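Database features, via TrEMBL:
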- 3-169: domain 'Era-type G' (DOMAIN)
- 11-18, 58-62, 119-122: GTP binding site (BINDING)
- 11-18: region 'G1' (REGION)
- 37-41: region 'G2' (REGION)
- 58-61: region 'G3' (REGION)
- 119-122: region 'G4' (REGION)
Amino acid sequence: MAKNCFVSIVGLPNSGKSSLLNTLLDFPVSIVSSKSQTTRDLINGIYNEDNLQIVFVDTPGFHKKINNLSNVLNKAVINSIEDIDVVLFLHPVNWKISNQSQQLVEKIANVKNKIAVLTKLDLIDDQQIIETKVAELKQLGFKKVFGYSTEFKVAKQDLLEEIKSYAYESDLFFEQEDITDQPARFFAKEIIRKQLLLNLKEEVPHQSAIVIERFSEANPKHIEIDAIIYVGRKSHLPIVVGKNGTMLGKIGTAARLELEELLQSKVVLKNKVKISPKWFDNKKTIKKMGYE
């Protein structure tokens, strides 16, 4: 009979959650950038072997509550561990265990199967520092600690084997060809937001949201996408648009090319920029943007 396992990946912003998921799946399910708060949605990534399926849930970074959007995202993290089989707690080896980290550890304290994963090991070449961090995590209640870095993919297979040991017999939840349960229009939104993160600075991308107005696959070889980029402040609009529309054009071109590679189709992408004042503090508007 087939086996399943559901795994939630949690950690502070920029701790390497999305990078780990993409490495485990050998596919870019989650967008990755060097900036914090890259992930805003719960994203399912599906690992398949013969009669075995592991569903990884990539979560937003657990961070300080600075606005209503922060509250919504933190609740999503906590909700992700309900009825979960395994929790992976990610912590960069070069970070101190902060109060925020300890708060998250407390939130997952009652999860029976929890594993700590030390990330960004390529940034440290002192084994003593690594061993000290492993000891600190074990003091927090983690019986198993694994290491990982995007450069060396340390212990990827060891981590997978450990997770497989928690799998239980049941029918598969997804087709074995599936890598995620997210639709193509979701990736359109995420890829546009990725380009905002890569091309804009400070709070501008973090106070922006993408809404896909239209996603037409009437012709599978010619996909048409209309998107709205909402900014939270009037002063952000000219930054996103740029002089004579140059920044918006740069963002749109990069997103279109990435979408064409992902979808294996010609893509016509039209982006508009609108102001939604302080949308990130308005509960109704946050829901309208797709976060709840």
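In case you wondered, yes, glycine gets a Cβ from its N, Cα and C as well.
In three-state terms derived from DSSP, N14 (GTP binding site) belongs to neither a helical nor a strand segment and is classed as coil. Broken down with DSSP, the region 'G4' (119-122) shows 2 helix, 1 strand, 1 coil. Listed by sequence, the residues of this chain that lie at least six past the ends of the region 'G3' (58-61) yet keep a Cβ under 8 A from its Cβ atoms are 8-15, 17-18, 21, 29-30, 36-45, 73-74, 76-77, 80. Under DSSP, the residues of the region 'G3' (58-61) split into helix, strand and coil as follows: 0 helix, 1 strand, 3 coil. Annotation: K17 carries the greatest number of neighbouring Cβ atoms among the binding-site residues G11, K17, T59, F62, L121 [cut-off 10 Å, Cβ to Cβ]. All protein chains considered, the CB of N14 (GTP binding site) has 22 other CB atoms within 10 Å. Mapped onto three states, the DSSP output places F62 (GTP binding site) in coil.
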